[in-house]
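One structure below.
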C-alpha cells in the first residue's frame, strides 16, 4: 500500500513539473532586453537627426545655438561611435562571464545615459570634437551590451523557447531605430530643442536602469520574483546541476577557433553586415544620384525600411513557431530556412533595383523596403545561432561574431568609394549591388552546408577537463 501511495505521489509530482509556465520571469527578462535595445538604439541613431537640427536650427527650433559644421565633420560625428563599438565586442563576452550580465549591462547603460546627459554641455564647450569624444565613449560602453544580452538569454531561455525569447528581445533593434528617426525630429522642434534629444535619451536609459536593477537576475536561481515551478522548469530544461551557477567554466578557445559551425556562423554574420550596410547606407545614395530622388531629407522614407523590418520580424517569429510546433522541423532547419529567405530574397532585390530607371521610383521604394524588411529573418537565422552552439559561451561567441559583423559597415563605404566615381552612373552602382548579392548568396550557402543549431561538444562544463585527462593518460601510456 505504501508503494502504491509513493507511486501516485511521484506521478502527481511529475505532472506538476511537466506543466510549462506560459508566462513568467523569463519573459520579463526578454522584455527588459527589448527595452534595453530600444533605449540604446535611440541614443545611437538619434545623432542623424541631431546634427541636422544643430547645423540648421531654423528648421527646428531657432532658440538654440547653431553650429557651422562641414560634411566631413558631421561624418566624423556620425561614424565615431562605431570606431570604438567594434573594439569592445570581443572583450564583452569575458567581462560578462566574469561579472555577470546584470552588473555589466547596468554599468554600460548607466554610463551611456550619463554621457547622453552631458552631451549638450560638452558640445557647447568643445564643438564637434567634443561630440566625437562623447560618441567614442558611448561606443566603448555599448559595444559590450550584445555579448551580455546573448549570455543572459542563454541562461534564461529553455531550448525550445530560444527562438521566441531571442526574437522578441531583438525586435528592439527595429523599434529603437524607428523611434530614433521619428521622435528625435519632434523633440528638436519642441521647446526642448536639439539638447532635448540627448536629455530624453538619457532619461529613457536612466529609467531602464531602474527597471533592470529591480527585476533582472543573472539566472533563474537568483531571481527574487520567479516561482519555484518556473525556476525548476528553466534549470531542468537546460540540464543543469544544482551548483552549475557557482562554477567557473573555462573557455575552450582552441575548440571555438577550429569549429566549422562557428566559422559558418561568422561567414553568415559578415555577409549580413555587408549586405545590410549596402541596403541601408548606399541604396539611398543610388536613388538620389541615378533616380534623382531627394530622399535623404525624407524622415518617413528613412524610417520605412526599419518599420518593415520591425513588422517582418514578428512574421518570421510566428512562422518559426508554427514550423517548430506543428510541422516538427528541427531548429537547424528553421535557422537555415529563415536565413535563406533573409539573404537570398534580399540578393535578388539588390540585383533588381539596379535596373530601375527614373520613371520607376515607386518600384524602387517598394523593392528597397521589401529587401530590408525580409532581411530581418537573419535574427532567427544566424544572429541567434550562438545560443544554440554553446549556451555556456554564448556571450563570447556573440562578441566574436558581432565584432566581425560590425567591421563590414566600416569597409563597405571604402569599397563603394573605389567603384563609384560618378553617383549618376548606373553601371557602377550595378556592380556594387552585384557584389553584395554574391556575398549574400555565398554567405548563406556556406551557412546552409556547415551551419547547425546543435550544441557543440566543447560547450560541456568538463570539456577541457576531459581533454586534460586524455592527454595525461596518453602521456602515462607513452612513459610505460
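Glycine is no exception: its Cβ is also placed from the backbone N, Cα and C atoms.
All TrEMBL annotations are machine predictions without curation.
Among the ranges 103-122, 123-142, the stretch that TrEMBL annotates as transmembrane segment is 103-122.
Among the ranges 31-54, 151-174, the one that TrEMBL lists as transmembrane segment is 31-54. Most Cβ pairs under 8 A with the transmembrane segment (74-91) among the ranges 103-122, 194-215, 337-356, 396-419, 431-450 are made by 396-419.
Away from its own ends, the transmembrane segment (396-419) comes close to residues 79, 82, 85-86, 89-94, 97, 146-147, 149-151, 251, 256, 262, 265-266, 269-270, 272-274, 277-278, 281-282, 386, 389-390, 428, 431-432, 435 of its chain (Cβ-Cβ under 8 Å, at least six residues beyond either end). Here the transmembrane segment (194-215) lies next to the transmembrane segment (103-122) in space: the count of CB pairs under 8 Å, restricted to residues six or more apart, reaches at least 3. Most Cβ pairs under 8 Å with the transmembrane segment (337-356) belong to 431-450, among the candidate stretches 31-54, 103-122, 431-450.
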